[in-house]
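Okay, structure first, notes after.
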Amino acid sequence: MRTISTIADLREALAEHRRAGRSIGLVPTMGYLHVGHMELVRRAGSENDVVVASIFVNPLQFGANEDLGKYPRDLARDQALLTDGGVDFLFAPGVSDMYPRPMETVVDVPKLGSELEGAVRPGHFAGVATVVTKLFNIVQPDRAYFGEKDFQQLQIIRRMVEDLAQPVTVIGVPTVREEDGLACSSRNVYLTTQERRAAAIVPKALDEAERLIASGVTEPAEVEKRVLEFLAGEPLARPEVVALRDPETLGPVSEIEEKPVLLLLFVRFGTTKLLDNRVIAPKSARFAKVA
């Protein structure tokens, strides 16, 4: 694996592969990799001739009081993991490489990006869309891989690609989980031992929603209310978003019928924010009662 830090060097390195007609897969990350990231790498390697992973802690997507300064970083560790994973190129630019002067151009998907997580993190998704667009312009991948754990982000990127006719296929990869069901996340390392134990309630809350829907609850507000009550059983959990939405548009759902619905959770434990979600198909819910 070759590590590259400048845009010009990466473009030059990829040009010969592009001329040879080789397909390129991109796995954008902020580093401090875990098994979820490595599943993205594995998928990219199975579907492309050349795999590029990027590591860049993007300041545009962090708010003034967020964790930019303490976001975990360990480039040597990440390089070893990516080498073992078969990545061909690691693009690891500095802030001055990506943003040599203050950005005047911002890519925003305002409707999708201002709700749910965007409502409690204003400007976050504009920062994401901007850096992802820049990475797409630099790498020019055939395919780009994102985890379904960040479902709102995934749908925003898909809409951005569609609206701007960007020549890349966006592929969502199912969430990888730890033994107790907690979604793998670089931010899990922030949790204290007590908070980590408490965080197991997040995937259990998704199970609870699926049970409710399988039992015949059709009012989204009722499901949301009861999931909030369920989360209230864990004193360390502070839910910020509990929302049932349409999985394609992220718009509100008036009633739970035959169409799948998406439950999005955004829960704080101490200073750590955890995201999770599940798409639930009412007729095939795992907890459906046997007739």
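Just so you know, the numbers here start at 1 and follow the chain as drawn.
From the backbone N, Cα and C atoms, a Cβ is placed for every residue, glycine too.
Keep in mind the model is a prediction, meaning the values are calculated, not measured.
Positions annotated as active site, proton donor by Swiss-Prot, on the basis of sequence analysis: His37. The Cβ of His37 (active site, proton donor) lies under 8 Å from the Cβ of Val27, Thr29, Leu81, Gly147, each of these being in the same chain and 6 or more residues away along the sequence.
Annotation comment: Swiss-Prot describes 30-37, 147-150, Val176, 184-187 as ATP binding site, evidence class sequence analysis. Cβ-based neighbour count (10 Å, all protein chains) for Val176 (ATP binding site) stands at 18.
Swiss-Prot lists Gln61, Gln153 with the feature (R)-pantoate binding site. Here the Cβ of Gln153 ((R)-pantoate binding site) has 23 other Cβ atoms within 10 Å, regardless of which shown protein chain they belong to.
Residues annotated as beta-alanine binding site in Swiss-Prot: Gln61. Counting Cβ atoms from all protein chains shown, Gln61 ((R)-pantoate binding site) has 21 others lying within 10 Å of its own Cβ. In the three-state DSSP reading, Gln61 ((R)-pantoate binding site) counts as helix.
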Got a sec? Which of these binding-site residues, Met30, Leu33, has the most Cβ atoms within 10 Å?
Leu33
List the same-chain residues at least 6 positions away in sequence whose Cβ sits under 8 Å from the Cβ of Ser186 (ATP binding site), in sequence order, or say none.
Met30, Gly31, Tyr32, Leu33, His34, Tyr71, Pro72
